[in-house]
Every structure is written in C-alpha cells, then in structure tokens.
Amino acid sequence: MNDNNIQVLPEMSSVWQETLNWQPTVEQKQQFQKLYELIILGNKKLNLTRITKPEEFWEKHLWDSLRGIKFILENKIHWSEEKKVIDIGTGAGFPGLLVAIILPQYAVTLLDSTRKKISFIENILTDLNIKNALTITNRVEQIGRLFKYRETYDIGLLRAVASTVVCAEYALPLLKIGGIAILYRGNITTDEQANLPEVVKLLGGKIERIEEFKTPLSNSIRNCIYLRKVGKTPINYPRSVGVPNQKPLLSLKKI
C-alpha cells in the first residue's frame, strides 16, 4: 500500500462537526484513508471514479455519502439500532461502504450488476476488516421480485444511479413498510418535482422531505430526497430488467 503517488486525505474535523454535527473516530479516519488508497490503486485496473484528488475525494465521496444520513449521525440513539441497509448500484462502494464503516450495528448489502466491481469491493471488505457488509451481483429489478429481498430493508441508498422516478421504482419494492429510501441528487428538475409524488404514491411511498444543501468545499448544490414506504408496493413493480429506465413511470402517465 506504500505508493508515493497516493496522498493523505485532509483532516476536516471542524468541517465534519459544523456540517454534520458529528466527527469520525481515529480508527474511522484510518479506514477512510485506507479506503482512499485502495480505490486509487484499484482505479488503475477498473474505472471506479474520476475523483482522485484528496480534497475532492473527501468532499464528493466521503462527506457527500454521509450527508445523506445526517439525521442518523446527529442522533446517537440510532447508532445502536440494528438496521438492514441496501446500497443499490454501489459502484465503487459509495455510500454503502461508508455506512458500514461508521455504523457497525447496521447490516449493509452492496448491490451492483458488474461482477468486477463487486469483486473489488469484496477485497476492500477483507482489507478493512468490515464484518457487517455483504455483496450481491445482480440487477435490482431481479432481486426486487424475489421474496428473499422484497420488503426486507429499512434503508435504501441510491447515489448517481438513475432519474428520481426510476430510483423510486428500484428502491421502494425492497423496503419494509416504514423504511426510507435516500436518493442522492445534484439539482432536481421541475419535471422531477412535478411527477415524483404521483409515482412514489403508486409504489407505496410518500415524499417525506427534500433537503437542499451546499457542499462544504466547492459550494456545489446537492439534494437528498427521502421517500418513506407507507404501504405495499404492487406486485408488478419493479418491472423487468431495463424497463424502468427505458420507460420511466412518469412517461407512461403521459401516454
């Protein structure tokens, strides 16, 4: 792991505290650094991320991943709860790996359809000694129809996966009633805001809140959309592999 080209992540203790009302432990900071090193090295073989500079990596991967669960971080009561989490389309492991690192009581499932990326993440789990995470190589449309996974999870995480309505169709079938899906977004379009409530209702959910915020270093606008599962998702959702993305529910409404 000694690579002279790999730099050290910035400390940022005060920024963690000011923005998330939370700070990582010394051990967690060490895990963040090792995760950074593993991803930079893995990037030489796999197309994991274009974000490689330490400050950018801290802001756009570490901080951004944890901003979505700020409501958990700032209330220690949640830390000891045993929750089941699924990171849908985990890619290089964000935000799911971060959740597994800082919330060891949570059982985190990292889902991706690309076997090479899942193999890489499995090596990370071993190298970082993360015991509370497992991986699945599959399409979300397929596992969303399986009894083993459907209505199983307390929290669904979706970051840089698809449009909001597609993410809703991916996530809500997997959530227990009372569960929450967290959609990590940049800007939200007017069309998304107009169409999402009806689509979410169809899938057994409701929009609990939308949080707009700026990132602490680059002042980029970001949004997190929180969808609460309030009723059963109709059995015909999610639709077959590829269909949610090719024919989003919002477009079907207009036909």
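Just so you know, glycine gets a Cβ as well, placed from its N, Cα and C.
Noted in Swiss-Prot for the protein shown:
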| type | residues | note |
| --- | --- | --- |
| BINDING | Gly89, Phe94, Asp112, Ser113, Thr114, Val140, Glu141, Arg159 | S-adenosyl-L-methionine binding site |
Longest CA-CA distance among Gly89, Phe94, Asp112, Ser113, Thr114, Val140, Glu141, Arg159, per record bound to S-adenosyl-L-methionine, angstrom: 20
Three-class DSSP secondary structure - Arg159 (S-adenosyl-L-methionine binding site): strand
Among Asp112, Glu141, which are binding-site residues, the residue with the most C-beta atoms within 10 angstroms of its C-beta: Asp112
Neighbourhood of Val140 (S-adenosyl-L-methionine binding site), C-beta criterion under 8 angstroms, separation at least six: Ile88, Gly89, Leu111, Tyr170, Leu174, Pro238
Those binding-site residues listed as Phe94, Ser113, Thr114, Arg159, and which of them has the most Cβ atoms within 10 Å of its own Cβ: Phe94
